[in-house]
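**Q** Here Swiss-Prot flags Arg79, Arg104, Asp131, Pro132, Met133, Leu134, Ala135, Thr136, Gly137, Gly138, Ser139, Asp200 as 5-phospho-alpha-D-ribose 1-diphosphate binding site. Under the heading uracil binding site, Swiss-Prot lists Ile194, Gly199, Asp200, Ala201.
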Amino acid sequence: MAKFTVLNHPLIQHKLTIIRNKNTGTKVFREVANEIAELMVYEITRDLAMEDVEVETPMGPAIEKQLSGKKLAVVPILRAGLGMVDGVLELIPAAKVGHIGMYRDEKTLQPHEYFVKLPTDIDQRQLFIVDPMLATGGSAIMAIDALKKRGATSMRLVVLVAAPEGVKAVQEAHPDVDIYAAGLDDGLNEEGYIYPGLGDAGDRLFGTK
C-alpha cells in the first residue's frame with residue numbers, strides 16, 4: 001500500500017493557514033502556495049540517492065556528495081497544479097516540467113483528460129505530480145494512469161490539501177505511488193469538494209470564478 005504522509009513542519013502549517021483564509025487575495029495565495037510546494041519537496045527529497053565525488057576546492061581536493069539517482073521532473077495537473085510548479089523549480093531548477101490537462105465534470109464529478117505533454121525521457125525520471133487538491137482522487141488516478149502508460153515508473157503525488165476519500169482511492173488504484181499532503185481534511189461535501197478545504201484552488205490562484 002502506498003504511503004500517505006502529512007508534512008507537519010511548522011512553516012508548512014503556518015502557510016497553509018494563510019491560504020485557507022478566505023480573505024487571502026490572489027497575489028498572496030499564489031506566492032504562499034508556491035512557498036508551501038517548495039517546503040514540501042524539500043522534505044520529500046530527503047531520501048534521494050547520493051554518491052561520493054572528488055572535487056577541487058580552492059584549498060585542495062575533497063570527497064563530497066552529489067545526487068546519483070534518477071533525474072527529476074515535476075508534472076502539474078492543469079490548471080491548478082501550475083500554482084505549485086515555481087516552488088518546486090526554485091528548489092530543483094534543473095527539473096524538467098511535463099503537463100497533464102484535466103477538467104472535472106461539475107455534474108458527474110468525473111475527470112476528463114484533454115492534454116498531455118511530457119519529457120521524452122519520462123521513464124528515466126522521478127516525477128513529482130503536483131495538484132493543490134486531492135478530493136475524490138479521480139484526476140490524480142487518471143494522471144498517474146497516463147504517466148504509467150507513457151513509461152513512468154517512479155512517481156510521488158504532492159498535494160496541499162487532501163480528503164480521506166481521495167487518499168483511499170489513489171492508494172487502491174496505485175499502491176506504488178506515495179502521497180504527500182500539507183493537510184488532511186474532514187472529507188467531501190455534497191458537491192464533492194474538500195471540507196473545510198481552501199475553496200477552488202484554481203480560481204484563487206488565477207483570480208477567476
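Quick reminder: no glycine exception, Cβ is built from N, Cα and C everywhere.
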**Q** Around the C-beta of Ser139 (5-phospho-alpha-D-ribose 1-diphosphate binding site), how many further C-beta atoms are within 10 angstroms, looking at every protein chain?
**A** 26
**Q** Say we define neighbours as other CB atoms within 10 Å of the CB. Which of the binding-site residues Gly137, Gly199 has the fewest?
**A** Gly199
**Q** Based on Cβ atoms within 10 Å, give me the single least packed residue among the binding-site residues Asp131, Asp200.
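**A** Looking at the binding-site residues Asp131, Asp200, the Cβ with the fewest others within 10 Å is that of Asp200.
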**Q** I'm trying to understand the geometry here, so how far is the Cα atom of Met133 (5-phospho-alpha-D-ribose 1-diphosphate binding site) from the Cα atom of Ile194 (uracil binding site), in Å to the nearest whole number?
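**A** That comes out at 8 Å between the alpha carbons.
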**Q** How many Å lie between the Cα of Ala135 (5-phospho-alpha-D-ribose 1-diphosphate binding site) and the Cα of Ile194 (uracil binding site)?
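**A** With the alpha carbons as reference points, the distance is 6 Å.
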**Q** What is the separation, in Å, between the Cα atoms of Gly137 (5-phospho-alpha-D-ribose 1-diphosphate binding site) and Ala201 (uracil binding site)?
**A** 15
**Q** Long-range same-chain neighbours of Ala201 (uracil binding site), Cβ under 8 Å, sequence gap at least 6?
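**A** Listed in sequence order: Ala33, Ala80, Gly83, Pro132, Met133, Leu160.
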**Q** Around the uracil site formed by Ile194, Gly199, Asp200, Ala201, list the extra residues of the same chain whose Cβ is within 8 Å of the site's Cβ centroid.
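**A** Neighbours within 8 Å of the Cβ centroid, excluding Ile194, Gly199, Asp200, Ala201: Pro132, Met133, Val161, Tyr193, Gly197, Leu198, Gly202, Asp203, Arg204.
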**Q** State the count of C-beta atoms found within 10 angstroms of the C-beta of Ala135 (5-phospho-alpha-D-ribose 1-diphosphate binding site), not counting that atom itself.
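**A** Excluding its own Cβ, the number within 10 Å is 27.
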**Q** Under 8 Å Cβ-Cβ from Ile194 (uracil binding site), six or more apart in the same chain: what's there?
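**A** Met133, Leu134, Ala135, Val161, Ala162, Ala163, Asp185, Gly187, Leu188 - these are the non-local Cβ neighbours of Ile194 (uracil binding site), listed in sequence order.
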**Q** Would you count the other C-beta atoms found within 10 angstroms of the C-beta of Arg79 (5-phospho-alpha-D-ribose 1-diphosphate binding site) for me?
**A** 18
